[in-house]
Amino acid sequence: MSSGIRRRHADEQKKNVEENEQNGENEKIQRELEKDSSLLRPFHWKFIAVFYLALILGASFLHKCLPEPKDPNKEETQFSENRAVKILHELSGYGWKPAGSYNYVDNLRFEIDTQYVSGCFDIPAHDTEGMNICYRNVSNVIARLGKGAKKDQISVLLNCHYDSWPTSNAGSDDLSSCALMLELIRLYSKNPKLLVHDVIFLFNGAEESSLLAAHGFITQHSWRHEIRAFINLEASGSGGRELLFQAGPANQWLLNSYLEAAIHPHCSVIGQEVFQSGVYPGDTDFRIFRDHGRVPGLDLAFVQNGYWWHTEFDTSERITRGSLQRAGENVFHTLNHLLNSPYLEKPNEHSDRKSVFFDFLGLFVVIYPLSFAHFLNMTGIITIFGLVSHRFYKSTFLTLLALRDYLLTLLTIAIVLKAMTFMSLFTYGALRWYTRHWLALVAYGLPSVWAGLSVQGLLSARLNPRVRSDYGECLELIHLTFLSGILLIFTYYDVASGFLFALLLIPVTKSLASFFGAWPNCPTINTVLTLIISFPGCAMAIYTTEMLLSIFIPIMGRSSYNPEPVVSCFVSFSAGCIVLSLSGLVAKSRNSRPMNEAGIREIVYNLLGVLLVTLSVLYVFSSFWPSPYRFDETYPTAKRTQFFHVNQIFYDRNGQLSTNETRFYAISHDYRGAEDIPFVKNDPEYTGLQCHYENNPWCEVPFLFPTKSRLNDRNIRVRVVDEHLKFKHPVKILGISKKHSVDTSDGKGTIEYSFSVIGTGQISAYVIPDTTWLITNTSVTQPKVPQENMFLYFTCSVPNNICEWIFKIKIKKSTQTPSDEKPLLVGISSHHLHGPDMQSQSIRNMIEKIKENRVHSPEWTVTASAWNVDQVYKYF
């Protein structure tokens, strides 16, 4: 027993000795930290925090900076917003102006040249899922200005559209551009000496109904062959800085004209590549002029304040003051530069090349060829890989340790973002930042920075102070290597947006200086120089994030996909750039935490603390603002909805009437779903979709355009209503002929149909063969490959709003089994987008209720596009 006591006593003594040794070692480390003058102190980090806060605020200010509106000058050589806005107020005051409506036609006051045009063409999958279009009698108003009696054989085209979304006044989209063009006409008519070549002003009357009028002009008007370049003016927001987001195809001289002449240039190749990827939900006449006219051009658009695009709130009064002045001056000077360009005479003979272009904080523009960008990128990448290889050879263990810790920091930020995305969505719902953008920074930016820096600090505390300087250099090289890998991928795939990562590689100069022993060891100088060389990359990252958030947050209000990952990625990009660029400084900072208190347990506790504090802060804000929407007369941020009041007549395969009902469709465009609409949530009569025809991909929803992929079950609710719609001219579909035949090449059966459809000026047709049949041809278009189904869109402009269309469909059996009797299902939706039949009493009552309640209740802050539809489905 005594021997056991002696063993325990010996163990306790040994443990005490080890603790004393550890404490002694810790005290020794603390003394070394106190003596090491190269380590950063707290005041350095205060300076860093102030620096980045100022950078964030400065980038936000410059992003929103606009010039003061001007009055006309005596010489009539100055663009004047104050004069243009008077025209805009008058045009916007006409109300809703969809193609073919009374207000739309009544605006035709320019008797220079009016074109009424018809045609057919395809729209590939981009903003929509792709469709085939036929149009009839849509109108264009064209003004042409030139010097002298004889027309010049060279001209530049300016384009806007004066039609509107069915339920919008189009103050910004796109009457603001038309008012701008009218002011330019005034300026050029007073200064004909500026007209070195002719200028054609196209006021097109059917853009919202899928770019029809632009197609009619560029493929059929007699002036189209003389156009050498164009400027398309668009709006998916209400004012702010207009963005050059597309240029080309190629024709570097055209882009240079804008960059050299524009007084307030705002452009980014990121915008061009994002838009052309289809991620951005929209399309413009630019694509029509480019693809069907083979003309190079510039695409300029207002993209800020996108909450009001295609809504009742898009009025001229809400356009940000100074926006027209800025856009007008840019377009006026760019157009003058184009008219004097020697390249205008033979633009296609000049070499095509892709360029990298962007404006730096809105202060100046940078542009260089993509080939030169590849050279710069590869030079930086090779330099960085050389430096990291040398470091690995020199300090293998420390480099591997830095790699491990860098990946742990990255993983930490990713885990925090994933956790915040999930918990924010689960606890508070989507779009909490929809009205207040800064909440996205609280939800995703602050926890990313906090978690990243604190974890890196804990990992650095585990190291002996003697190696922390070298460890910090290894961390910086690992970070640059990671960025180089991303840039290498961008370079390989010719993605010009990689310039952002190239800017983030500028700190390689610090690594080179350290390699040659020229980097100062003074912590203050080290901090200042590190911030200076990191400034271009981090500033552009923050500026780009500000731009993307201001554009995409309103867009999230019309996207059915989960918006949280998108917004969290935008925010975390800047946050990650800041944290990881500072990792070397974190390692070289004074850290009083003992080595034995910087383990995995402390890291986990730290992450839990970050999440808990962030969620608590969000909970407090959520209690103040329970709804993401806000109704304010000056700046409303409303929930986007779509309502269809539909007469539906469905026939079975035997030709017998199976359904004759009137339904009310409630569609939410955002991720919060239809149950977030107050009167839908409280009405048990609203149910989910139940398709009448099993093989109908559109599930009898009366889509105006093929956008079913944007919506899912959570976004649509439907109920049967008592108010049956009585149309003076109900929709009709007649089978004129049906011819069976056999394809001699493969012996498979074919059927050719001829149909007659009578309905309003806007008709959507859904062609759905049985599963063993494919569509091989139509009179509208010939598909490149056989289609399982097809969406056809017909629009026409006539006084009585009644149109008849005759078209043919050819289908082919995919097997050699006997033909079915009626293998083709055809659905027709006749949309009443204007006139006395546009909105039923049920729709009017609903809109009145919304307007009455949204003043007092944020959850009722809803904006509705709503109209009547007459729908029929038949087998043939």
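The backbone N, Cα and C atoms fix where each Cβ goes, glycine too.
If you check TrEMBL, you get these features:
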type     : residues : note
REGION   : 1-29     : region 'Disordered'
COMPBIAS : 9-18     : compositional bias 'Basic and acidic residues'
TRANSMEM : 43-62    : transmembrane segment
DOMAIN   : 140-333  : domain 'Peptidase M28'
TRANSMEM : 360-385  : transmembrane segment
TRANSMEM : 406-431  : transmembrane segment
TRANSMEM : 437-459  : transmembrane segment
TRANSMEM : 471-493  : transmembrane segment
TRANSMEM : 499-519  : transmembrane segment
TRANSMEM : 531-553  : transmembrane segment
TRANSMEM : 565-587  : transmembrane segment
TRANSMEM : 603-625  : transmembrane segment
DOMAIN   : 636-862  : domain 'Endoplasmic reticulum metallopeptidase 1-like C-terminal'
When each of 499-519, 531-553, 603-625 is checked against the transmembrane segment (406-431) for Cβ pairs under 8 Å, which one has the most?
603-625
If we call contact 3 or more Cβ pairs under 8 Å (sequence gap 6 or more), are the transmembrane segment (565-587) and the transmembrane segment (360-385) touching?
no
Segment-level pLDDT (mean, integer) for the domain 'Endoplasmic reticulum metallopeptidase 1-like C-terminal' (636-862):
93
With pairs fewer than 6 apart in sequence excluded, do the transmembrane segment (437-459) and the transmembrane segment (603-625) have three or more C-beta pairs that lie under 8 Å?
yes
In the same chain, which residue numbers or ranges, 6 or more beyond the ends of the transmembrane segment (531-553), come under 8 angstroms Cβ to Cβ?
48, 51-52, 55-56, 59-60, 62-63, 237, 240, 268, 270, 303-304, 306, 358, 360-362, 433-434, 437, 440, 500, 503-507, 509-510, 566-567, 570-571, 573-574, 577-578, 581
So which residues does the transmembrane segment (471-493) touch in its own chain, when a touch means Cβ under 8 Å and the partner is 6 or more beyond its ends?
373-374, 377-378, 380-381, 384-385, 387-388, 391, 395, 398-399, 401-403, 405-406, 410, 456, 460, 463, 501-502, 504-505, 507-508, 510-511, 514, 580-581, 583-588
Would you kindly list the residues that approach the transmembrane segment (360-385) from elsewhere in its chain, counting only those six or more residues past its ends and only Cβ-Cβ distances under 8 Å?
58-59, 62-63, 65, 241, 252, 255-256, 259, 264-267, 353-354, 477, 480-481, 484, 487-488, 490-491, 494, 496, 498-499, 502, 505, 508, 511-512, 536, 539-540, 543
Tertiary contacts of the transmembrane segment (437-459) (same chain, 6+ residues out, Cβ under 8 Å)
405, 408-409, 412-413, 416-417, 420-421, 424, 475, 549-550, 553, 567-568, 570-572, 574-576, 578-580, 582-583, 586-587, 589, 591, 593, 598, 602-603, 606-607, 610-611, 614, 617-618, 621
